Amino acid sequence: MEYKISVIIDILLFCGKIIKYLDYKNGAACMRCPFSGNRSACQGSCLFRTISGHILPDRAYNEKDSTTEMAKDKKGAGSYERSGRNIEGSRRLCMGPVMLVLLVGTGIFLTVRLKFLTWRNLPYAVRLTLSKESRTKHGEGDVSPFAALTTALAATIGTGNIVGVATAMVSGGAGALVWMWISACFGLTSKFAECMLSIKYREVNAQGEMSGGPMFTMKKAFKNKTIGAAMGWLFALFAVVASFGIGNLTQANSISDAMNKTFAVPTWVTGAIITILSLCIIVGGIKSISKLSSIIVPCMAIFYVIGGLIVIIGNIKNVPAGVAEIFRMAFSVKAVAGGVGGTIVASMMSGMRYGIARGVFSNEAGMGSAAITAASATTNNPVRQGYINMTGTFWDTIVVCTITGLCIASSGVLGITDASGKAIEGSELTIEAFKTVLGPAGGWMVTVGIALFAFSTILGWEYHGEKALEYLAGTHKYNMIYRVVFSAVAFVGATTTLSIAWKFSDIANALMAVPNLICLLALSGELAKDAEEFQKMLKRERA
């Protein structure tokens, strides 16, 4: 076990050294590159820029910006500015190419290690998810298997399914959608693995509730208890931080911003509503959250999918051309033009870069968050529940993200620009796509979709953070305090623009993934054995 972990860490460090060396050889390392101390102007050819690029949208650096920044350094920038640059550098390092390689690479390795069982059993998993069996309780647990899945989906399906897809298609071309699908295919196995292990190593707390997640897996499954406890503690710490960032502040801000722009609702009103509603729900714990999630998640997904299908059918004549452009840009070695007037110029590399990045951080496969909720499921077989929770990646990326992507590709809005000549992206692009068929109602539908998706994310992430805090504190006594504070923080997110919260969230999310992925790789043999035994049992049941 210790040898496996050591080898994994050595591989990661070696990847980092290779990237740093190649950046140096290109002579173009820039301020945005976290692997180099060279703060000269970016020439646009370094490997970091080529592979990872602007994973999240922000200000692009150019030579003028770089010169200005260096001048500030010489004069002595303030501590706040230096801290901001350090945080930004840390974010780019955490969400750079090494992290993407680790996330997708782990999924590929586990898929092969499990002999593609997750792919072969996907139809079975989908049928099981939709069956009455998933809504009944068999074995130990707090909520039904279906409720555990929808609670995990509540945290997973968020603004990234609307905003993230649009941004990826503008930055990486329409082909980014294909690479989102590819990353999701391998993400299925990562999601299956983390959820299955979470259920296998869960335990009952003093309140009689199930507590589980990657932190418990690390603590109980590793032979070296010191390493396991340390990794589990780090995962739980970053999960708590992420729950307030990506799971609360940023989501509340997205809701208030969308409601203010579309319906002119004051941000403080939206903030107050979010705070009161969330507190009323989460104060009841996992049973209250899961009860609402099992209703709101399917309803909001169906609502958005139906709206998207109406848009796609309304633009049915453009669908063949849109799909052709998606695949043309996905596998074009050289940069090709696409979108309105050819304003979107991208190659296979850029499509891969943005598609994988958006896909991975949308469905959260490999990050370990969904495993915390999976542990609450009432089940007598960890592998069976692992398959149920695995479908979360399918619903999130293959279904919801695909609807957004096809709406944009078929509506002919990809590449349109605003008054300043800048390509429209994010929620504005998705709204324009829906408006082509539904008119103003399309904008309202997307706004309501963003509000529902983001609010459900707040509910799901509250449970993730609560269980992580419970692990850190070693007691459930602080759970109620956490629930109240968590609800109050939503008001801050809705009424304040905190760009630093996004950066801390990205860092915390990435740092959650590292110990979780190391754990999955280290326990891959155990995963393969349990999956194979279940497959034999499944064959006997079918016989």
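Placement of Cβ uses the backbone N, Cα and C atoms for every residue, glycine included.
Quick caveat, the model's predicted, so the values are computed rather than measured.
The region 'Disordered' annotation in TrEMBL covers 65-84. Annotation source TrEMBL lists transmembrane segment at 93-112, 162-182, 227-247, 267-286, 295-314, 326-348, 394-417, 437-459, 480-501.
Segment contact holds for the transmembrane segment (437-459) and the transmembrane segment (267-286), given three or more CB pairs below 8 angstroms at sequence separation of 6 or more.
Take the transmembrane segment (480-501) and the stretches 162-182, 227-247, 267-286, 295-314, 394-417: counting Cβ pairs under 8 Å, 267-286 has the most. Counting Cβ pairs closer than 8 Å to the transmembrane segment (162-182), the top stretch among 93-112, 227-247, 267-286, 295-314, 394-417 is 394-417. If one looks beyond the transmembrane segment (227-247) by at least 6 residues along the same chain, the residues whose Cβ comes under 8 Å of a Cβ in the stretch are 2, 5, 155, 213-221, 368-369, 372, 457-458, 460-462, 464-466, 468-469, 471-472, 486, 489, 501-502, 504-506, 508-509, 511-512, 515-516, 518-519. Note on the transmembrane segment (267-286): residues 142-143, 151, 209, 252, 255-257, 259-260, 292, 376, 455, 458-459, 462-463, 479-480, 483-484, 486-488, 490-495 of its chain, located 6 or more positions outside it, place their CB under 8 angstroms from a CB of the stretch. Same-chain residues lying 6 or more positions outside the transmembrane segment (295-314) and placing a CB less than 8 Å from one of its CB atoms are 150, 153-154, 157, 395, 399-400, 403-404, 406-407, 410-411, 433-434, 436-438, 442, 445, 448-449, 452-453, 456.
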